[in-house]
């Protein structure tokens, strides 16, 4: 008799995705981040659900409801800080996951890659709206500045912004709808993640060498389940240390001041994981140009498969491309630093140079260096 695990319609899906899934024998710890992102998503949905039980999406009471959660709700403080820092862990895993995809040529699975880009945009939108909910100074002014960017869209811009706001400024209507969207989007993300996985399992996983691994597969369980559990333990340990020892390390102190439309904070900046994009936005003096650069800084990932000129899929055996990749990482760290600095000399110039370099590496240097490497192989 065949095992029920392999025959029952429900368990069969789980079996084919997480148990009997044929996986390459040589995938490294860089392939852990998919499962870690799944864990982050589950954690965020659960902590968010418990926070939503006590939160009120009204401008008069939003700030005090968050204070109430931290002070009066049983273990409310740990739920709130796990949710806030869980978002940071989510983005750490996301950036490493995307970086892995760039390094090892995982973008050569176009459907999986494109759904991944949609997921990245959706997660960024969710995180932005979540940051508005505590209704502190940075929440309010962040919402005002970022939504205002849409007014740069010709002809319909102003109407669009007022439609999103639900009035003539960020107010009660804005907060209520942001809460509604922030609640529903994680479930959209879950559905997209399932589709992401569906397309991945159509082709099978890539591996560090970039060479097809059909001749050498091993079952996902127990080999990679145990490996993923180790990664999950590291993730939970890091998150726990962050939550229990320095929960406000990655936050902004200004967000402990209730939102005041009459008082602008000295430096309006988003959470750390958006700073690289914020730096690119600010480095262009024109409003519409800045918005386009901001969107394109993520959307550029969609055209990377078209710019793949190398004969090899992975960067494992391409030292020149590796140098460029790590230059890109350094450039993104520079942009993140610049995004948190005030708009003054020398930060403006550094930000502009780093922004130009970011697009140049991805759109110009990578394809050219790949062609050079192809020619070096002939020698």
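One is the number of the first residue shown, and numbering goes on along the chain from there.
Here the Cβ of each residue, glycine as well, is placed from N, Cα and C on the backbone.
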- Swiss-Prot annotation of transmembrane segment - which of the ranges 136-156, 157-177, 178-198 it falls on: 178-198
- Task: Among 8-28, 113-133, find the range that Swiss-Prot records as transmembrane segment.
- Result: 113-133
- Note on the structure: Here Swiss-Prot annotates transmembrane segment, and of 257-277, 320-340 the range meant is 320-340
- Query: Do you know offhand how many angstrom separate residue 83 (heme b b562 binding site) and residue 97 (heme b b566 binding site) by C-alpha?
  - Reply: 20
- Message: Can you give me the Cα-Cα distance between residue 201 (ubiquinone binding site) and residue 97 (heme b b566 binding site) in Å, rounded to a whole number?
- Response: 17
- Message: Can you work out which residues elsewhere in the same chain, 6+ from the ends of the transmembrane segment (178-198), have a Cβ less than 8 Å from its Cβ atoms?
- Response: 17, 37-38, 41, 44-45, 48, 52, 55, 57, 112, 115-116, 118-119, 122-123, 125-126, 129-130, 132-133, 143
- So are the transmembrane segment (77-98) and the transmembrane segment (226-246) touching or not, going by 3+ C-beta pairs under 8 A with a sequence gap of 6 or more? yes
- Task: Please give the sequence-distant neighbours of the transmembrane segment (347-367): residues at least 6 beyond its ends with Cβ less than 8 Å from one of its Cβ atoms.
- Result: 279-280, 282-284, 293, 296-297, 300, 303-304, 307-309, 321, 324, 327-328, 331-332, 334-335, 338-339, 341
